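Report on the following structure.
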């Protein structure tokens, strides 16, 4: 008997390993098909179905095959055994079965309605991912790549609008979706489709927070291929990047909302506690990600890792990943931390990397982003058939479709109207219509929904989220090109050309600045930050910028010499790069270092304003909603700076 049980155990273990290999083989096969399909689409300029939509189609087909072509097994019989001596759920449990001791580990709590009295399907159960895989493995490279590849010039040019859409717009979407869904839930209770008390207002707000996470990856990919107007691209890209971070923290804050008396009633103290949690988690995650990027910048600056590009790239990757893990370990949000880590790495650390490491890091995270995105979208297709606890409710699904469109309209149009009151370059109606159209749901909404599917309301949310992702990716993603034509939005704009950092073009832009942009207070704040960053942060963290011996007081001489790299002194003689900073009085050329660098001819900087007409299609680096007021610019020498654009 003992031998038989041991043989059965070894057989079960072999079967488990076999199922794991099948699971990996399925995803490997799906990715191969997706890559070949992407090549086919790009070769034939087929834009009505994007690669993400194709990945979902392949996932659906594979899920359909696994669902109906595999036989059910007895490994999940649904039988419940009572342990009357246990009063809690231990993390590890030793069970004596016929004098044979077995070890079991805690997996999750299961609601009564999730216990299936019939046979289960081992393959389908195996194909259902642990939700933490999405947050700990697949999402971090996607979010980091978004921050690391950020086009900083256009992003900061529209920073005010992006922050407004990301923070205020996400809050508006969450509230509007929550209110509409609460009305539909009441209708479902009245129709007898739900029991009173099964679905609370906090559940509706939770659904609103996860559905407020937009992910227009399909639209942005088409924008990039068609070279759509850079302002529209930046508004959508910037909103989606920050919106993901805000939605994740907002979802967590709502999930821990717990009034003292009635758990489903409004409690002002609990509400403000949730707001405080939101602000604290967001700020802490921002600080954590930025801190790791600063550590990476200092290590790459003061060591000679640049002589070993492989080690340099490895250190860069591991420290960036550590930002995510440290934030999660500290009870913060790793997604927010890794986003701002990527932005800070691009702004500082990238300048210290060797040329090989610059190429390797960009290609590494681009590749990881590509694989992770396609794995997620393939799994979305699979999940429609492999997830065994779907709850389809037509009224709830109809309400969700209506809610996301109304919420998107309440987000885009009123906020655009308010922003246009302070912007010189208005957000035109066709841009607003395109932003309304581009409110797709994707990886973040799906990952938030699948993270908790134990209760019936959460299962209904997950099923509805999955259908919404399918619809928006296929319909809106496929209709992007016709919509661009119908709205007469310009395409064929070379975004990279607009982002080139050459002295003559920047000086031409500076000579043609409009003096009446937006409010002067914003300009003063931005000018203070830029000056502080240029004079102190970049010289401390990178090899670029003026030597600290010229910017810090004399009594800081030892610290200045310690923190200033030898390259900064060498680059002090060069005038290869000119960068614009704000000056309140007049537009002038600053030659503070000219005494030590007599080889810098003024004519090379283009002092004759008449000889520097503005190049058509060039946008002013600072024009937008940062609020420069009537201030003008001053050109200051930047010492050998190399930025990631």
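One is the number of the first residue shown, and numbering goes on along the chain from there.
The backbone N, Cα and C atoms fix where each Cβ goes, glycine too.
Per Swiss-Prot, the feature topological domain 'Lumenal' maps to 1-20 (among others).
If you look at the transmembrane segment (21-41), the same-chain residues 6 or more away from its ends with a CB under 8 A from one of its CBs are 47, 49-51, 54-55, 58-59, 62, 66, 123, 126-127, 371, 374-375, 378-379, 382. Marked as transmembrane segment by Swiss-Prot on the basis of sequence analysis: 21-41 (among others).
Under the heading topological domain 'Cytoplasmic', Swiss-Prot lists 42-45 (among others).
If you look up Swiss-Prot, you'll see 46-66 (among others) marked as transmembrane segment. Packing against the transmembrane segment (46-66) from elsewhere in the chain are residues 26, 29-30, 33-34, 37-38, 40, 123-124, 127, 217-218, 221-222, 225, 373-374, 377-386, 442, 469-470, 473-474, 477-481: each is 6 or more residues past its ends and has a CB under 8 Å from a CB in it.
Taken from Swiss-Prot, the feature topological domain 'Lumenal' covers 67-126 (among others), and the record attributes it to similarity to another entry.
Residue density at residue 96 (N-linked glycosylation site): 8 other Cβ atoms are found within 10 A of its Cβ, drawing on all protein chains shown. According to DSSP, residue 96 (N-linked glycosylation site) sits within a strand segment. What Swiss-Prot lists as N-linked glycosylation site is 96, and the listing cites experimental evidence.
Marked as transmembrane segment by Swiss-Prot on the basis of sequence analysis: 127-147 (among others).
Positions annotated as topological domain 'Cytoplasmic' by Swiss-Prot, on the basis of similarity to another entry: 148-164 (among others). If you average pLDDT over the topological domain 'Cytoplasmic' (148-164) in this model, you get 82.
Here the transmembrane segment (165-185) has long-range neighbours at 194, 199, 201, 204-205, 207-209, 211-213, 235, 238-239, 241-243, 245-247, 250, 254, 395-396, 398-400, 402-404, 406-408, 410-412, 414-415, meaning same-chain residues at least 6 beyond its ends whose C-beta is under 8 angstroms from one of its own. Look at Swiss-Prot and you will find 165-185 (among others) tagged as transmembrane segment, backed by sequence analysis.
Feature annotation from Swiss-Prot assigns topological domain 'Lumenal' to 186-203 (among others). Sequence-distant contacts of the topological domain 'Lumenal' (186-203) (same chain, six or more residues past either end, CB-CB distance under 8 Å): 178, 254, 257, 263-264, 393, 395-396, 456-457, 461.
As annotated by Swiss-Prot, transmembrane segment applies to 204-224 (among others), with the evidence given as sequence analysis.
For 225-235 (among others), the entry in Swiss-Prot reads topological domain 'Cytoplasmic'. Same-chain residues lying 6+ beyond the ends of the topological domain 'Cytoplasmic' (225-235) with a Cβ under 8 Å from its Cβ atoms: 47, 151, 154-155, 157-158, 161-162, 165, 425, 427, 431, 434-435, 481, 484, 489-495, 498, 619.
What Swiss-Prot lists as transmembrane segment is 236-256 (among others).
Here Swiss-Prot flags 257-277 (among others) as topological domain 'Lumenal', drawing on similarity to another entry.
Counting only same-chain residues 6+ beyond the ends of the transmembrane segment (302-322), those with a CB under 8 A from a CB of the stretch are 140, 144, 292-293, 295-296, 338, 341-342, 345, 349, 352-354, 356-357, 360-361, 364, 565. The feature transmembrane segment is assigned by Swiss-Prot to 302-322 (among others), with sequence analysis given as support.
Through the fold, the transmembrane segment (323-343) approaches residues 135-136, 139-140, 143-148, 150, 241-242, 244-245, 248-249, 252, 281-282, 284-286, 288-293 of its own chain, all at least 6 residues removed from its boundaries and within a Cβ separation under 8 Å. Taken from Swiss-Prot, the feature transmembrane segment covers 323-343 (among others), and the record attributes it to sequence analysis.
Against the transmembrane segment (387-407), the recorded stretches 127-147, 204-224, 236-256, 466-486 differ in Cβ pairs under 8 Å, and the greatest number is found for 204-224. Residue counts for the topological domain 'Lumenal' (186-203) under DSSP, split into helix (H, G, I), strand (E, B) and coil, are 8 helix, 0 strand, 10 coil. Between the transmembrane segment (236-256) and the stretches 204-224, 365-385, 466-486, it is 204-224 that has the most C-beta pairs under 8 angstroms.
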